[in-house]
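Novice: Provided herewith is a single structure, encoded as structure tokens, for subsequent inquiry.
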Amino acid sequence: MAFAGVGQGIGTYDRTEQASGAPLGRVTSRAHFTDIHPSDDLPAQTEENRAREVGHLARQLTRQSVTVTDDSTDVFSYQEGSDLDPFSDKFNAKKWTKLMFEAVQTCGPARKAGLSFRNLGVHGFGSDADYQKTVGNLPLVGIGSLRDLIGNRKRKVQILNSMDGVLEAGEMLVVLGPPGSGCTTMLKTIAGEMNGIYLDESSSLNYRGITPKEIYGQFRGEAIYTAEVDIHFPNLTVGQTLSFAAEARAPRNPPGGISKKEYAKHMRDVVMSVFGISHTLNTIVGNDFVRGVSGGERKRVTIAEASLAGAPLQCWDNSTRGLDSANAIEFCKNLRLNADYMGISSAVAIYQAPQSAYDCFDKVSVLYEGEQIFFGKTTDAKQFFVDMGFHCPSQQTVPDFLTSLTSPSERRPREGFEGKVPTTPQEFAARWKQSDKYQELLAQIAEFENKYPVHGEKYREFLESRRAQQSKHLRSKSPYTLSYGGQVELCLRRGFDRLRADPSLTLTQLFGNFIMALIIGSVFYNLPVTTSSFYSRGALLFFAILMSAFGSALEILILYAQRGIVEKHSRYAFYHPSAEAVASALTDIPYKVMNCIIFNLTLYFMTNLRREPGAYFFFMLISFTLTMVMSMLFRSIASLSRSLTQALAPAALLILGLVMYTGFAVNVANMRGWARWMNWLDPIAYGFESLMINEFHGREYECSTFVPMGPGYEDATGQQHVCSTAGAVAGSSVVNGDAYINLSYEYYHAHKWRNFGILIGFFLFFTAIYLTATEFITAKKSKGEILVFPRGKIPHALLAQSTHSHGSSDDVEGGKFAGGSNMKKEITGADRANAGIIQKQTAIFSWKDVVYDIKIKKEPRRILDHVDGWVKPGTLTALMGVSGAGKTTLLDVLATRVTMGVVTGEMLVDGKQRDLSFQRKTGYVQQQDLHLETSTVREALRFSAILRQPNTVSIKEKYEYVEEVLKLLEMDGYADAVVGVPGTGLNVEQRKRLTIGVELVAKPALLLFLDEPTSGLDSQTSWNILLLLRKLTEHGQAILCTIHQPSAMLFEQFDRLLFLARGGKTVYFGEVGKGSRILIDYFEKNGASKCPEGENPAEWMLAAIGAAPGSHSEVDWHQTWINSPERIEVRSELARIKETQGGKGEAALQNKDYEKSKAEVKAEYAEFASPLWKQFIVVLMRVWQQHWRTPSYIWAKVALCSLSGLFIGFSFFKAGTSQQGLQNQLFSVFMMFTIFGQLTQQIMPNFVTQRSLYEVRERPSKTYSWKIFILSNIVSEIPWAILMGVIIYFTWYYPIGYYRNAIPEDAVHLRGALMFLYIEMFLLFNATFSIMIVAGIATAETAGNIANLLFSMCLIFCGVLASGSSLPGFWVFMYRVSPFTYLVEGMLSVAVANTDVVCSDIEFLTFNPPSGQSCGDYMSTFITNYGGYLVDENATTACEFCSMSKTNTFLAQFDIYYSNKWRDFGLLWVYVVFNVIAAIGIYWLARVPKNTGKERASEPEDVQEKQVPAQSTEKKYQSISRSSESTVA
């Protein structure tokens, strides 16, 4: 039923009325979501007007009967503006739903799904490798994995244990439990997403007569799982995204007799209306890097897309994440209506479930560490546990109460039940199974199974209904709705939509390739049709074929970027992954054709390649065919691998092998027998051979150089001279092209079209692999949350538990350690914390008339409007407001963290201006938990303590303080745990505690700012965080904290509240009061409706001021505040604080400074707490540690350098000193340079990781200087560069045999040492060049593209493909600028200079001397002038002459001279130093905020203005907008 899911969001149904016995059908016209970030396209006033109109409409329609303004009963034929028009304000969702349901019934019975499960168990397989991988222990991991594989030692890990339940069609189930309890696994199991997890054999599931195997296979799209992450194509509009989903599941014969496209468009419009995103129809979806709709709107796009899948059984995993509680309630009410009218069954996991949302559900399942402790009606759950002996506080919501039962620190037994209530998950599960409710459930399951036997009547009805919707051309058991051709067509249209939406990459590549063609064409401009162009023509065709072949290498990255989306759509049964693969390849063909024409046309005619129509079109044919072959090859690699790392590693070596064995760098005759097969399997080799044949076959080339020639040989005729080129015949002034390629390359004309056929075969083979792998190989299986420790530091509690099934490193849920209460109890320091160690604070921070203005699209916008307030020691102040009110922006302004716009107003510490040290004396806990993933918890805290506490405090004292904070935050049990990444490392709560700890160990002397500390956490964790903050304030900490719609219990923990309306306007600042009484009284006396008993004051307050969805207030609350006596009191208090504290502060400051030395006073008010030298040592050690603990980075370097060295070394094994041997040695150096790009791609992501952490958290808190950041990252690469140099030296230098060339002049050691130094300079240049390029660029990908372009330029102009003397005059400067010029000269001269040349048989030139002369007599003058040697000087016929006798002659052809070796070495140091200086300069120019230092601290705060340079405004604004809620998508 492709339309059924639309009902998920239709209308707003009030479940509480039905529960109380009121008639069914209380509906508003649509679901109104208040967005996290309002749309950038609408000014604030427009948003407010829209909210007011929506509220008015809601009030009109919320009554027992719905007023119908259009008598039409055809859901698809309606008048514009009627109540069936999705774009009308009168749209009546309930009426539309009823009519749609009736229309569907005329086409046959609607499909419905429910399920029962008995003894449901789910398991995975894990291993014991739960220690941190480092460069040192990674080999041990490999050995252990091999042992496990051979011995099949993987442990079975039980995730879910013996669960039972039943969900009828049209029922809603809420799944409650803390992270790690099994909620996600349960939903995935129901929906059939069993990637890496397995059903126990004893499990029994019945989907109304359908077996699990069938629901996971042929009915895959009928039960879907929607994850909490939002994955979409960022450059498609919302309309395009949802249209695609609607068309993919549109039935074969839509109701109403309309076409499938009309049906899909109508369904899209309805869904957008229902979810309140109609205004985003033509707005791109966006993501974290591409600006599009806001985060809340993107979440609704995800929900709408899943709704359009039309599944009768839907599983939603924390889909309300990113929505505030009011919008979460709206989402659940929409699901309720969907269930009641369309019969859709849904199972929903919610971490923070408001009571109103909970009331929408029929049933609840409570999970506790993989055990089911309740399943039944939502109305029965609370009483069940109360009867068991637990106490539910009056102000605690039912879902919070149920979740709290899984936390030993939160659950409370009723009086008289101490010691009688269960305490472990197993005891809870046992009590549940002994209860009457459990017996009732078993009876319901038995009744369900009797009613719906497997493959019974309901199964046949379901099958017939599904088949009626499917295309006629589908096989009977296909889960898809469209035929395969229809799927390809749909994906193809989407592909071209994506191309039109973002043509930048395509156009950039076209332009870049055109520029490259111009550059290469100008380097080889107008080649003469003589033998002097032979080498150049070969080099040109070699480079041209490589450009055609490797232009598709980026497709690996592109495919991985969309892989998650394709797999999601496959789970929804939108299309076969292979259909998208076909469409993706077809979408790229126009670009490939254009690129082939633009690049090859320019190159071909600029360089004077064979100007014949047939030759030109054959050149184009081979180039395009090879492009397609290589595209399929790279796509096959991407689809065969499960992760990007797995794909890139073999791709790098494959590229090297393909280039090496093309036939130019090593010709066929010189390929070693054991490596010849690589040439046979190399598609590029066949293309290169055909192009060489195409260029040289049947052509005669004028000889440009004869032997002998010059003075004394003017009369040489006939066979007395010969052209100095392979294939020449004595006496002939021309050389046959066929003879040249036959002798030099062993290429033959008969292979020309054969090779084309082989390329077609390669194309078909790789295409088949690509499509097959895409269809059957999914991305890497996910692992659950586990804690990772350095080897040898795993806590005994974890080691003990690892012998059992729980807590595996592969535990999909991972709650057995990371979130499990039993384990948590054993390893945490609960009840031992001493919060008294927190530094007592005495300073009062106050602000008055704070205004913040910025420019958006050249229009001024006020973000904060005359905000007043203060934070006193020992108080916890909440900062709340509607979405877009500027809460985070106010924190940033107060903490001196904004670097753009204009800030005015007073911000005082004890009545005095903030000084330069203000930022490092305050703690700022950001919403994002950013930490270096390789550090342990203790190391992260020590790093902060060392650099941010005063330098006068000893290291020992700092470390002792860290230990105290670990105990205070109850982190000592996992102090040695590695931060890791989400899933493999700290869980959400542990990360939040670490974020707070990093700021606490800095001993903030003034106050602590926290931005949304409970965001994304479950209710239990949120409560723990608030209790921690409360504990801190009780010991003197001053805290200002933003929070988004807290529960009533959380809200009561705050002392004061600063509430902002949209536009940064103050609505209230004052005490909250016991039971929120003071706050409630203020609003009630100023016109708000009375707060009902038991209502959450935070939610009531939002509704009172008109900020909740669908609500509106006639009171101007900002103006009310301005005119209130409370504000007058606030202003008076601010004046008093400034007067009294200012005087005290001045006196205290003088006394304190009097007792200190001048140096101590200077240090106290310095920008950084530690001196630069100390910063450098500490930061350098951390960067080094990061590298050591990222074995994938270092071992990838080792693998690349060693395998490339061995590959090149043995491909040119024992290269001789013949002319071909010398050319091989030249190309062995050239090929070694090709690893430059891969090394760069390895360095840049690590640098960006460090930089992100530094810029977002460490720089604003003044932890250390940006200069130290750059230098430490550069210096840390030096040891690894030295190690890689040693590896390359031994794997490359000795196999090729360079050392043998130094034996004649007894310089083996000197030249060997020089070669090692040059290798090190190559690697040092690579490291510093990489950091210089990425220093000022946002992403590693962009920097990598720029680096590759510059690298290509350096390679083209280094003198190998075209010598400096042969370059056009215009490009000579590039030859001089390229650092590779000096690397090639230095390395090659040191490698082969000053030794003899020994020609091979085919390199000798044969001619006859004049009658009566010997060969030696005839050639003596020529040899004296030009060099070379004769085989037999006394011969009188058939003189065999080698045109070179010394390797220096060969080197001179490339303008390489051994005498320049030390000059070149010195110049390379100049390049390295330049890179370092440029890296520092570029970073300062591009990324260091300007004018944020002394000027800000010294200027009077009431006139302070800061305007950022124009070039950084937009980027910085985007950063602020994502965190501040002050801007819109």
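Backbone N, Cα and C atoms are what each Cβ position is placed from, and that goes for glycine too.
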Novice: In Swiss-Prot, which of these is labelled N-linked glycosylation site: ASN235, ASN1326?
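Specialist: Cross-referencing ASN235, ASN1326 with Swiss-Prot, N-linked glycosylation site lands on ASN235.
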Novice: Looking at Swiss-Prot, which of ASN318, ASN600 is flagged as N-linked glycosylation site?
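Specialist: ASN318, according to Swiss-Prot.
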Novice: Out of ASN318, GLY881, ALA885, GLY886, the recorded positions in the record, which is closest to ASN742 (N-linked glycosylation site) when you go by Cα distance?
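Specialist: Closest recorded candidate to ASN742 (N-linked glycosylation site) by Cα: ASN318.
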Novice: Could you measure between ASN1434 (N-linked glycosylation site) and THR888 (ATP binding site) for me? Cα positions, answer in whole angstrom.
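Specialist: Roughly 94 Å, rounded to the nearest whole number.
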Novice: How many other Cβ atoms are found within 10 Å of the Cβ atom of THR888 (ATP binding site), counting all protein chains shown?
Specialist: 24
Novice: Can you tell which of the recorded positions (ASN235, ASN742, LYS887) has the fewest other C-beta atoms within 10 angstroms of its C-beta?
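Specialist: ASN742, out of the recorded positions ASN235, ASN742, LYS887, has the fewest neighbouring Cβ atoms within 10 Å.
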Novice: In whole Å, note down how far the CA of ASN318 (N-linked glycosylation site) lies from the CA of ALA885 (ATP binding site).
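Specialist: Between the Cα atoms of ALA885 (ATP binding site) and ASN318 (N-linked glycosylation site), the distance comes to 25 Å.
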Novice: Cα-Cα separation of VAL882 (ATP binding site) and ASN318 (N-linked glycosylation site), in Å?
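Specialist: Counting only the Cα atoms, the answer is 22 Å.
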Novice: Taking the Cβ of ASN318 (N-linked glycosylation site) as the centre, count every other Cβ atom within 10 Å, in any protein chain shown.
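Specialist: The Cβ of ASN318 (N-linked glycosylation site) has 22 Cβ neighbours within 10 Å.
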Novice: Using DSSP and three states only, what is GLY886 (ATP binding site)?
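Specialist: Going by the DSSP assignment, GLY886 (ATP binding site) belongs to neither helix nor strand, so it counts as coil.
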Novice: Considering only the recorded positions ASN318, LYS887, THR888, which residue has the minimal Cα-Cα separation from ASN235 (N-linked glycosylation site)?
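Specialist: Nearest in space to ASN235 (N-linked glycosylation site), counting only the recorded positions, is ASN318.
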Novice: Cα distance, ASN318 (N-linked glycosylation site) to GLY881 (ATP binding site), nearest Å?
Specialist: 24
Novice: Can you check what DSSP calls ASN742 (N-linked glycosylation site), collapsed to helix, strand or coil?
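Specialist: It is helical.
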Novice: Using CB atoms and a 10 A radius, I'd like the single residue among the binding-site residues GLY881, GLY886 with the highest neighbour count.
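Specialist: When each Cβ's neighbours within 10 Å are tallied, GLY886 leads.
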Novice: How many Å separate the Cα atoms of ASN318 (N-linked glycosylation site) and THR888 (ATP binding site)?
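Specialist: THR888 (ATP binding site) has its Cα 24 Å from the Cα of ASN318 (N-linked glycosylation site).
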